[in-house]
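Taken straight from TrEMBL:
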DOMAIN    A:4-140  domain 'Aspartate/ornithine carbamoyltransferase carbamoyl-P binding'
BINDING   A:49, A:50, A:99, A:127, A:130, A:252, A:253  carbamoyl phosphate binding site
BINDING   A:77, A:160, A:211  L-aspartate binding site
DOMAIN    A:146-288  domain 'Aspartate/ornithine carbamoyltransferase Asp/Orn-binding'
């Protein structure tokens, strides 16, 4: 079953194959659905870019889209995630895309659902298509990951992106630096080295900023937020210290003036909106991987059974 | 006007014609829209399976889908159902699918709306496509309704399904048994005989469980709910007492451990997810009936006017 | 950039060109998208007719629809309108349709967004596609605007429609009368003459009623509302005073029994539902204008850059 749940389940060769497909889609080429295939998008949390990015990807692939939002569903009658997904499978969904606030929500589904599950974000856990679009953006820029220095700035501990990006960038050959407030350190993440913000900025090919997730971990330390930009964020001064060819990334939505000076969001080095564009291509590649294999498996079943 | 409002408005021959069309659709055959036809889905109550079942049915028929939800509409400005439906008609909807919490909501529309109305559930009243998918599931299993014993278990009084299924199964030749808590008896429903749960189970070809509708009639009798499975539900012991060929049905969402032991939901006898699959085919047949006749009428109008 | 923001930005010839295209669409003819183009509908306020009218228009043009609603989006995380629209642009939207409660919300977007913006209503400000559908309805009826008398009744001050309709009807050659409660007078609107309701009714070719926007300006003057129909609304008596050929218009949703006697909503003179039908054609023409020029510009860019 070609699920996509966590980056650490993908081999390097799987990742590179997805990035290659995504690059094809960026050129307007590649597989599209020839029959009517249905994708159910289940978003149990608000989302703009991930949800619409998947919807655009699906429509570009000529897939049929079913947009599920929890607040208009039988989830209000207490239906479990398993029964909801099983229902969508019975009704004809060929794959499900799920965002859910609970870490590892997909564990209750594995082995019991017969259609691919694409994880669009679980709790503070994983967000593999975000990692893949980050990788595509870096690869477009530098051609390879070997020998690059990537610094990840901010709330390392609660970020869906920090852990999976650090793990996968490391094994693809990059060096990872972490930087940010002490209280956001993640002692369980062995894939990067903690350094001072200025040191990180000066040495990076990629400066990857993380969103301060006000809404997620509600430690209302207003002082921290007010002084965040100066102490830990990307100010105009720090931008000037970056290497000539270095780029700025952020998974968005950006807290302008917190993680980054608002004038830098669309500066020449910024790849923030490029990342969003790449998100569509990466998700097309991930959907292709889920559905094409599925179709092949089904064909084999027909032939041999 | 080929509305679909209540099962008791359909002749036996109408029902059998719909089931035949649905069986065609299950094989991947049958009518599809050749021109651009718009269906507005108006759900004034949360729903997963009915709403998505209609949407998949519509898309399989190449229809254009308009998903209306009350909380983002002018209903918030106090617009009546009539004005909302008339608006959708004016804007170009060729049929409307409506779920509404008020019994017989459609009465204020009849004779005043010029597009077919398909009832997707009204209050505690009617839910004809649910009845039709139940009938399709039974017919697939047994070939005919003649001489079958079908027991309906649970909240007979408040169930959209109980009344219309009992009426239609009776006139199609089946014997109907009712079983459940005394307070859920429906003295106005003459189409079945009340028996003890074990007697019902032993004698049935079809064991049809109803959902305990916590959210609908708020008699919070927690004791009843806690002891419901033992006293009135389908336990593992009772399942063993069923006839060899007998099947289990439930309109879902299931309260696992209340109406049925959770392990039985997907057991070999269960047709619960098969019912959901059949829901799509039945709704395709119902939409075909609404739109194909409409198209023919319009063509006649063009010729003779 | 072929935005559509305010009627006063359109020349008479632009307006007439849009109306001509709309008349083509009413006959089932005209441009459709040949490639896959995405339209994002961003509604920050509830709406039935405008939202669905745009969606039907888009689908009739073979456009891909992205329905955004603020309550399921990153707007909940504090994202600005600019960042939301920029995101949709990055993800692949070829145009955005926006309704927003803030007057002139589009000012923060102008010059910074590279896709056309179609204003579907801003605060109490502008609602150009409503004006255009009103104009189409009048033109269908009378062939031209020259020498017509149009009276606008009701809340002149807070109405999106009153100001832009008065301005544009005046310059297209019609005479505009205003009528309604003193407290709803708009001293800043120079395009009409205030007269008594009966005088307005007797002299008009078009009686254009406005909605009492309970939900917008919350002066809960219940007496005014109760006596509104008698004092300022279209009663059956007043309808009899209208010229033989005169028509009734209302942007809807109608407060039946307030602005107009409920029996008149669908009377022979009423064009209220005709207006809604025309809304689809006008929006098709507006979308065509936005996208066709865009496509041409892009082609030019390719050739010359």
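Note: Cβ is positioned from N, Cα and C throughout, glycine not excepted.
Automatic prediction, not curation, is the source of TrEMBL annotations.
Where TrEMBL records a feature, it is marked here on the structure.
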| residue | record | DSSP (3 states) |
| --- | --- | --- |
| A:49 | carbamoyl phosphate binding site | helix |
| A:99 | carbamoyl phosphate binding site | strand |
| A:127 | carbamoyl phosphate binding site | coil |
| A:160 | L-aspartate binding site | helix |
| A:211 | L-aspartate binding site | coil |
| A:252 | carbamoyl phosphate binding site | coil |
Subject >> Neighbourhood of residue A:211 (L-aspartate binding site) by C-beta distance under 8 A, where only residues 6 or more apart in the same chain count >> reply: A:154, A:155, A:159, A:250, A:251, A:252, A:253, A:254, A:255, A:259
**OP:** Sequence order please: the binding-site residues A:49, A:50, A:99, A:127, A:130, A:160 that have their Cβ under 8 Å from a chain C Cβ, otherwise just none.
**Re:** A:49
**OP:** Within the same chain, and leaving aside A:49, A:50, A:99, A:127, A:130, A:252, A:253, name every residue whose CB is within 8 angstroms of the centroid of the CB atoms belonging to the recorded carbamoyl phosphate site, in sequence order.
**Re:** A:47, A:48, A:53, A:120, A:121, A:251, A:279
Original post:
Rounded to the nearest angstrom, how far is the Cα of residue A:160 (L-aspartate binding site) from the Cα of residue A:49 (carbamoyl phosphate binding site)?
Top reply: 15
Original post:
Given residue A:160 (L-aspartate binding site) and residue A:50 (carbamoyl phosphate binding site), what distance in Å do their CA atoms have, once rounded to a whole number?
Top reply: 13
Subject >> Residues A:49, A:50, A:99, A:127, A:130, A:252, A:253 [recorded carbamoyl phosphate binders]: greatest CA to CA distance in Å >> reply: 16
Original post:
So, by DSSP, how many helix, strand and coil residues make up the domain 'Aspartate/ornithine carbamoyltransferase carbamoyl-P binding' (A:4-140)?
Top reply: 65 helix, 26 strand, 46 coil
Original post:
So what's the average pLDDT for the domain 'Aspartate/ornithine carbamoyltransferase carbamoyl-P binding' (A:4-140)?
Top reply: 93
Subject >> DSSP helix/strand/coil residue counts for the domain 'Aspartate/ornithine carbamoyltransferase Asp/Orn-binding' (A:146-288) >> reply: 59 helix, 23 strand, 61 coil
**OP:** Sort out for me which one of A:49, A:99 has the most neighbouring CB atoms within 10 A, since those are the binding-site residues we care about.
**Re:** A:49
**OP:** Starting from the Cβ of residue A:253 (carbamoyl phosphate binding site), draw a 10 Å sphere and report how many other Cβ atoms land inside it.
**Re:** 20
Original post:
Going along the chain, which residues six or more apart from residue A:127 (carbamoyl phosphate binding site) have their CB under 8 A from its CB?
Top reply: A:50, A:119, A:120, A:121, A:160, A:161, A:164, A:251
